[in-house]
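These features come from TrEMBL:
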- B:14-102: domain 'Peptidase S26' (DOMAIN)
- B:S42: active site (ACT_SITE)
- B:K91: active site (ACT_SITE)
- B:108-151: domain 'Peptidase S26' (DOMAIN)
Amino acid sequence: MSTIWLFFVFFLRKLSGLGASASWLCSRLPGRFRSVAITVCLVVTWEVSIGGDMFRRVLGKTLGFLGYTVQYGCIAHCAFEYIGEFVACSGPSMEPTITSHDVVFSERLSRHLCRIEKGDIVIAKSPFDPHMNICKRVIGLEGDKICTSGPSDVFKTHQYVPKGHVWLEGDNLRNSTDSRSYGPVPYALIRGRVCLKLWPPHNFGALNQSPTGRIVKRSD
Amino acid sequence: MAQAGAGRRYVRAFVSGFFVAVPVTVTVLDRFAYVARVEGASMQPSLNPEGNVTGSDVVLLNRWSVRNYQVRRGDIVSVLSPKNPQQKIIKRVIALEGDFIKTLGYKNRYLKVPDGHFWIEGDHHGHSLDSNSFGPVSLGLVHGRASHIIWPPNRWQRIEPSIPPERMPLLNWHADATEDEEKD
């Protein structure tokens, strides 16, 4: 099948050398794409040589437009990945600091430079479902001793945060599933640090300190 | 004056080229493909079969195929290490969520892999820091799937997913009751 196409290419007098070599290259592609790609190359080269100036102009503009789209898409990706992103929170686990339907800005630089500290509110991927994100406060870093028993328990139990992990807890201790249920979270799951609350407007600004007093004072 | 104009034109061209090239390269490395050198002996004999004597293997990591966290059993994947967030480790996926497996040296002899996690092991048991040391790994940590070995040239090949038969999962809770496979 591909040889028939090649003969067709070479016998068409109006075709330029570029079209012929493009069609030869397409004939090297695996089966699925071969016929489609060869047809597209032949049609484009035929149109460009026959249709003349106008088609060339339209093709040039389309390619330019595609180029700009790719360039700005890449810049947007870099901005959202390395500078910061806007997050709409839902759920009661961070009340009263962040209520449901608040919009916050989380910056990515601290996470990439490994400068997340105790007391920061972070957005992380959920350990049990990578498509969901969780918004919690960092209570302890690696090596810290966390008190895992409740305030009403008689015997206090402790746990050390392993290397490369953090201990996350929501500010609303009564209504939050966090590290107290699923254990320490790997640091690499953290996406960013929440630094500014943007919505609702009457609450605009930096976020408050932890109201729970659970942050580990120093590592033992 | 003509030289200053030409110099300024070159600087402007360089700067504008720089602002195009860097974001595009960073986006391609983050979203599509990543190239990495494999260090260590934990994946022998599949990767680095002669250690660092003749030079380590360089693999092509496909980041587009793991964008929805879909990995298959037997794939070789690169994962952000749970022990060190700045390091990536490259291991084979042995079991996915819901699989019931026998471990090699983990604190529990038998284990059901929790939801949203998977179990990775190096091919060179005993010389490998993998799930047998730190337990099941969260799917959110997966970085890319090693699809091809691209260096050295005599080892150009496509990496096929395969699990050693003695490491197959024993059971999968999500499978049909009629399709349970029990291996010794």
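Just so you know, glycine gets a Cβ as well, placed from its N, Cα and C.
Here the structure is a predicted model, which means the values were calculated and not measured.
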(request) Between B:K91 (active site) and B:S42 (active site), find the distance joining the two CA atoms and give it rounded to the nearest Å. (result) 8
(request) Inside 10 Å of the Cβ of B:K91 (active site), count up the other Cβ atoms and send me the figure. (result) 23
(request) Mind giving me a neighbour count for B:S42 (active site)? Other Cβ atoms within 10 Å of its Cβ, every protein chain shown. (result) 22
(message) Looking at the domain 'Peptidase S26' (B:108-151) alone, can you tell me the average pLDDT?
(response) 92
(request) Determine, from DSSP, whether B:K91 (active site) sits in helix, strand or coil. (result) strand
